[in-house]
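Here is the structure we will look at.
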Amino acid sequence: MYKHSYASRIQNHTNPAARLLLEIMERKQSNLAVSVDVTKAQDFLAIIDAVGPYVCMIKTHVDVIEDFEPSLVRTLQALSAKYDFCIFEDRKFADIGNTVALQYASGVYKIAEWSHLTNAHPVPGPSVVTGLKSVGLQRGRGLLLLAEMSTAGALTTGSYTEDAVKMARANRDFVVGFIAQRRMESVGASKTDDTTGEDFLILTPGVGLDVKGDGMGQQYRTPREVVVGAGCDVIIVGRGVYGTDYSLTAKIAGQAKRYQDEGWKAYLERLTA
Ligand code: 5FU
């Protein structure tokens, strides 16, 4: 059982984005990230306004927003300061170093300017980290590698996952952890997760209290299964929080509080088990 508290782990990280996330989790007593996957800027902002008090992080897919304008990220940054949450653009970079550096810094979205954390598929090899790091490190940004996905039949297994962990170990100033379904410290190590002396942030999508899947390959586990059973740090919840009617902001806020409570209760259970 991984028993290190979020507060005690701040000192294990030099990366400013990793430290900020752990500080916010402790301050707000929240290990909940809400993934705001909607296509209208108005809905996007209304959901963030509703869930803001309950989350440590807002995860975005900024490229699905149909009426995107640069001012939207400035509003997002203002909400991040108002409600005290980190921003994680779930971009899943997966190209050669030079291209991902351009995609991260430039284009319509200029992700490096506003997103504390982003992520990358390990598939191109270490150069994907080199490219992103050349843009993000100087800005105090952090990277998560996709070591495991939540979908049925995902190819992110075995030696692929092990190689993702190796890539992270070689870049600990910038790679702060993983998108994964369990802890990763013991992967390729002969010790248990809590005795390696390493500290990766484990952010886990595929979390839901009411359903087990979405009919399109997504697989859900409960916050307790993810945090106590698998030792993960941050639960990422999308549709489980905001459903399909985005105008029901009081209900959305209630769901966010429900997931915050469940996630934090599970964390306390892990610490004291
Ligand atoms: F890397 C991953 C993964 O393995 N599974 C995911 O579900 C990312 N995700 C994201 O988390 C996905 O792109 C969605 O943005 C979110 C899950 O949303 P849901 O509505 O809770 O299923």
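Easy rule for this one: first residue shown is 1, then count along the chain.
Including glycine, each Cβ sits where the backbone N, Cα and C put it.
For 31-253, the entry in TrEMBL reads domain 'Orotidine 5'-phosphate decarboxylase'.
Annotated substrate binding site per TrEMBL: Asp37, Lys59, Ser150, Gln218, Gly238, Arg239, in sequence order. Long-range C-beta contacts of Arg239 (substrate binding site), restricted to its own chain and to partners at least six residues apart, with a cutoff below 8 Å, comprise Asp37, Gly208, Asp214.
Per TrEMBL, the feature active site, for OMPdecase activity maps to Asp90 (among others). For Asp90 (active site, for OMPdecase activity), other Cβ atoms within 10 Å of its Cβ number 22.
In sequence order, Asn119, Ala120, His121, Leu146 are the residues of the chain that are 6 or more apart from Lys92 (active site, for OMPdecase activity) and have a CB within less than 8 Å of its CB. Feature annotation from TrEMBL assigns active site, for OMPdecase activity to Lys92 (among others).
Take the CB of Asp95 (active site, for OMPdecase activity) and look out to 10 A: across all protein chains shown you find 17 other CB atoms. The feature active site, for OMPdecase activity is assigned by TrEMBL to Asp95 (among others).
Across the fold, the C-alpha of Asp95 (active site, for OMPdecase activity) and the C-alpha of Gly238 (substrate binding site) stand 26 Å from each other. In this structure, the CA atom of Ser150 (substrate binding site) is 14 Å away from the CA atom of Asp90 (active site, for OMPdecase activity). Taking the Cα atom of each, Lys59 (substrate binding site) and Asp90 (active site, for OMPdecase activity) are about 6 angstrom apart.
Here the domain 'Orotidine 5'-phosphate decarboxylase' (31-253) returns a mean pLDDT of 98 for the predicted model.
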